[in-house]
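Asker: Below: one structure in structure tokens.
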């Protein structure tokens with residue numbers, strides 16, 4: 001028995017010595033009969049010895065640099081992407097070419113719609129050479145010669161007429177500009193969303209440009225200020241802005257210029273107007289600084305030369321000032337916000353000044369803001385400082401008192417309290433039933449809505465009136481009900497804003513609106529239009545008239561200014577109230593930061609140490 005087995009081919013397993021090389025053996029295999037060989041070898045042996053009987057295609061690859069992929073996959077991928085791009089482009093083309101109906105924007109709320117009208121009133125009140133974009137067809141250039149010849153005040157053209165006459169009363173005009181500027185600082189986002197930001201900035205600048213003419217605005221110190229242009233005293237029977245009924249464009253009589261040297265109230269209010277406007281125009285640094293310099297000069301004049309501007313003057317008949325202490329606080333507060341100079345804040349929070357202004361006692365008109373009483377606005381402005389910056393010592397005590405006083409007069413606006421009566425229709429009687437109530441109502445509506453927004457921005461849910469807690473929504477509800485009354489939700493179903501709604505006054509006490517544009521009237525010749533029964537030929541759009549009486553009654557007659565005369569101050573408060581309630585810009589709240597753009601970081605001082613102990 002052999003110790004060697006046989007291999008599968010039938011031969012022994014031992015390796016025979018063979019001198020033939022591998023190549024020779026390979027050639028020898030090729031000489032065999034392949035057919036015979038295939039008959040004697042199984043498939044495995046054939047595949048091993050003979051190799052593949054057919055040629056297989058090699059896979060091709062694409063080198064993309066960062067990865068190698070199959071060419072077939074690459075072609076499919078690129079093709080798919082091209083097809084998807086073509087399809088997307090085709091769909092886009094179809095969408096653009098096929099006509100479609102755009103969804104209309106949501107309708108404006110009543111407050112925004114009325115805002116557009118209310119701002120137009122200021123265009124109708126412009127004096128001087130009018131800009132091309134004034135957009136009041138029946139107005140033209142007027143009183144181009146206002147001024148005092150051969151004096152520094154020889155050019156006093158410009159500014160605004162106060163009401164239905166052609167007098168430029170600077171005291172209420174300055175208050176109006178301050179309120180408008182305040183509303184822009186707080187609600188610039190809403191104005192922009194309503195498309196009125198540039199318009200109201202233009203309105204403010206028209207007034208501030210004029211005020212810079214009324215004193216030496218380039219000087220650091222002055223001793224004279226223009227208080228009024230025009231005259232309204234009819235006791236002498238001479239032609240003037242109240243005796244004559246004629247369009248401002250046709251005025252041919254001399255308009256006197258009234259100056260003052262001791263007019264702290266007027267100078268402080270004008271300083272507030274320029275200082276607040278400087279914040280509105282902070283994006284125009286040269287102009288803003290010009291306004292700040294003028295405000296500083298005016299306020300220094302107010303402090304150095306004390307006196308009431310209306311004392312012994314004609315202005316006492318129309319816009320009598322009862323004091324200047326509230327204007328000191330008001331002006332100093334605005335100058336602090338415009339400059340960041342803490343000396344103005346120290347003055348605004350001086351306890352003696354607050355006491356003189358009546359900040360801590362009541363009275364029938366406590367909390368009623370007007371062109372004569374700036375204290376409620378000043379207290380709210382300083383409450384703003386406490387709510388958002390909290391300067392601490394040494395200001396905290398007086399700021400807390402101002403904040404408390406603000407809370408108190410906000411309580412007096414609510415229907416649950418009896419500080420003020422209401423008409424049967426729901427209008428609050430802030431002037432206790434006296435004529436021309438709406439100018440006070442709109443100011444209260446603005447302040448209450450603004451205080452509500454301050455609390456929201458500070459995450460404060462409400463405030464206390466005595467032991468009773470009220471949510472912030474109560475204040476906005478008060479504002480809304482009062483403005484809604486003015487816009488037509490009242491017993492007469494009459495809007496007191498001309499041009500708004502389907503029913504509004506048509507016999508407005510206004511010279512320019514009551515006389516046809518192409519009819520020139522002499523001084524007394526215009527009385528026929530004043531006393532005639534026909535409606536005004538020109539619609540003074542956006543003018544808020546003086547308002548109803550205490551019984552919700554109203555007489556639409558030109559001869560009774562207590563019902564039908566509009567004013568700058570009244571419309572300024574209306575604009576501020578409307579923008580505070582408007583839902584434009586999705587009802588965004590106040591701008592917390594712009595007011596403080598010039599105020600440096602505040603680090604509360606440490607209180608002084610207690611006095612040493614003495615046994």
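Each residue, glycine too, has its Cβ placed from N, Cα and C.
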Asker: Give the range, chosen from 73-95, 96-118, 119-141, 142-164, that TrEMBL lists as transmembrane segment.
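Answerer: Going through 73-95, 96-118, 119-141, 142-164 one by one, TrEMBL flags 73-95 as transmembrane segment.
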Asker: Validating a neighbour-count step here. Other CB atoms within 10 A of the CB of residue 556 (active site): how many?
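Answerer: I count 17 other Cβ atoms within 10 Å of it.
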Asker: Report the member of 509, 565 (the active-site residues) whose C-beta atom has the most other C-beta atoms within 10 angstroms.
Answerer: 509
Asker: Tell me, what is the mean pLDDT of the domain 'Glycoside hydrolase family 9' (111-578)?
Answerer: 97
Asker: Could you give the Cα-Cα distance between residue 509 (active site) and residue 565 (active site), in whole Å?
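Answerer: Cα-Cα, rounded: 5 Å.
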